[in-house]
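Taken from TrEMBL, the feature region 'Disordered' applies to 1-51. For 1-32, the entry in TrEMBL reads compositional bias 'Polar residues'. Residues or ranges marked as transmembrane segment in TrEMBL: 129-155, 220-241, 317-338, 350-369, 389-412, 504-529, 550-571, 609-640. Annotation source TrEMBL lists domain 'TMC' at 438-547.
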Amino acid sequence: MEPQRQNSSYHGDQQSLRLRQVSSPASNQNHPHFNWNPGPEEDEVDGSETQQDLRTLGLPMGLKRAVRQVQQMKIPVVSSSDSWKLKRTKTLRTIKARGREVLSFLTLWKKTLQKIGGNFGGGVKSYFLFLRFLVVLNFFSFLLIGGFVLIPSIVLTSVDTQLVNSTGPEECLEYDPNPQGLVLFYDYLLDLLSGTGFMEYSFLFYGYYSMKDSSYSLPLAYLLTAVFYFAFCLICIIVRMGTAARVTVATGGGAVGNYSSIVFTGWDYGCLGDRATKLKQNNIRYQLQVDLEEERLKQQAAALTASQKLLLYSLRVSMFFVAVGFIAAALYGIFVATEFSQVRSGDEGILGLVFEYLPSIVITAGNFVVPLLCDQIASVEKYPPTVTIILALLRAVVLRLAGLIVLLSTLWSQITCNGQTTSGECQLCQYDHKNYPCWESRIGQEMYKLTLFDLLINMATLVLAEFPRRLLVDSWSNKLTQWVGRQEFVVPANVLGLVYGQTVVWTGTLFCPLLPLINTIKFIVLFYCKKLTLFQNCRPALKTFRSTTSNFFFLLVLLLGLGIATMVMIYSVAQIHPSMACGPFRSLPNIWSIVPNSFYSLSDVTQEFLFFIGSQAFSIPLFTLSCVVMCYIIALASVYGKSVSLLRAQLKAEGKDKQFLVKQYEKLRQQLQMPEQSGGLNTPSGTCFII
């Protein structure tokens, strides 16, 4: 009868909330407490924390306004210095809030992304977020290149500065890309598509830039801008990966943590109107659908017998080798097409244009056919949705990036005469000057054609395949059209298309400086094309996947593409002899030689300082300090990880305790035949459980 007496006394007691807090602080330790009359020191130090606490507490908006009004009315008397500090803190807080509002207003495609997430889930939305990130990255990269290379080159050209003559055999200095005589409009169109003719000797390609006698060292700026461009992209990717990793860690990387995050913090109380509310509801529904699907597959995998597991693993291994065979066949086709294209590159007319685009055509065909075959393999392997997405990404990234490596390796082998630069056609100039008088521009043209062809294929697919399929499915009603149905927006293939396109741009930026600008325009056009086909031609996916894990993996694949492009740049800068007939490095044995030459032209004090930075006296203490800081961060992360694990275990234990108390209360209520409370159950300890 003790619980009944406590329960009756609890309901019979009509004391106020403040008296209950004073008399029973232990039972209300989880309730929010407010400092209604803060002192000057407390307000001075913790004022921003109080504001943040009010924003994060799950209280009705009316109660928050009341607390804020009480705090603002009871302002203590402070000195002039304290008053100035309070005003400064308030002003800085206001400036930060205004800055966030401006940044939110300037955010690209904010409403469009919200609409996509509400109608098609977080997985499809993650693709468009990734695309927006690449648009911004390429735009700022173009500003970097334009500010240090393009604009100075235009200025130096306009003031008619004297060119630095390159030394070498006369055969190596022959290079005239400008067309001679009358040029038809038809030829201009072919030059625009292939990057030859009037396009080859323009600001677009490496061959136009030259070494000029001026105080501004254009060759050094050209190389250092490329280095800083890669460093800038690396920093942006790592920062975004850190944000994605924090979200993954916060949700626990699994369905339980993600479910808790959705239930308790998923709703946006700033949604206004039926449309925004409906979109947010659909978005939450898709996220819960992903969690339920993964939990169902985990239960199915746990229920398999030993013989069924052996059969499943054997099937997965065999399908793995089949997928590897498809990828190897596609890479061999790229190799053969590249060699044939370089042999027939001198042909004119439409046939010559087809031969020039032959590597791009084979690469695009392989990137289209092989992933379709791998998708059929994935349906047999029976992985969870998120694992299927990651596996498809891995296979596609190996195909696309390896295909790009095969293309570049084939070009380099022909430029350097299979690495034998001291014999054959390469003996005179240390590169094949007859077929490649300006080999840097030739590589830039290949990357330009790959970028342009990728955009044309996406637009042609939208017009010639996706719209006709939707019209066919909507107009005819039979078993065939029902089986085909509207297409789904395949996230892995589309993401790998972005990664491949960005890797091509990174690879070709050293030889085609304006490629980031072209890629920015391409990605903007691609965004609207994909948005159009998504809302007009696609249906929501039957099987969605978790976007938190996939966002991190998208960036990891992008980082892999950046690593491949960096290796390409290092090899081109350090190993291959620059073209003697074009470019800002025409008089140097290799591109990197401009760095030591510029270094020795500095003053003695600057040289000594740079030598000291590179010496052991500076590098060893710096390395030691870095190791100490890294060990401290690793230890701190380990402690935080253990704390998080303990808190999760404590939450699970508390959940079990609450379930036990609910069961005990239910048994006791049935024994005493007590009426059931509406809206919840009040336990003897005063904790409310919603049923």
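Backbone N, Cα and C atoms are what each Cβ position is placed from, and that goes for glycine too.
Helix first, then strand, then coil: DSSP counts for the domain 'TMC' (438-547) stand at 85 helix, 4 strand, 21 coil.
Away from its own ends, the transmembrane segment (389-412) comes close to residues 123, 323, 327, 330-331, 334-335, 338-339, 342, 359, 363, 366-367, 370-371, 374-375, 378, 381, 383, 442-443, 446, 491-493, 495-496, 499-500, 503-504, 507, 545, 549-550, 553-554, 557, 560-561, 564, 568, 571, 576 of its chain (Cβ-Cβ under 8 Å, at least six residues beyond either end). Outside the transmembrane segment (317-338), and at least 6 residues removed from its termini, the chain residues within Cβ reach (under 8 Å) are 358-359, 361-363, 366, 369-370, 373-374, 377, 380-381, 395, 398-399, 402-403, 406-407, 410-411. Against the transmembrane segment (550-571), stretch 504-529 has more CB pairs under 8 A than any other of 350-369, 504-529, 609-640.
Counting Cβ pairs closer than 8 Å and at least 6 residues apart in sequence, the transmembrane segment (129-155) and the transmembrane segment (504-529) reach three or more and so form a contact.
Using a Cβ-Cβ cut-off under 8 Å and counting only residues 6 or more beyond its ends in the same chain, the transmembrane segment (504-529) has close neighbours at 109, 128, 131-132, 134-135, 138-139, 141-142, 145-146, 149-150, 203-206, 209, 222, 226, 229-230, 233, 404, 408, 440-441, 443-448, 450-452, 454-455, 458-459, 462, 498, 561-562, 564-566, 568-569, 572-573.
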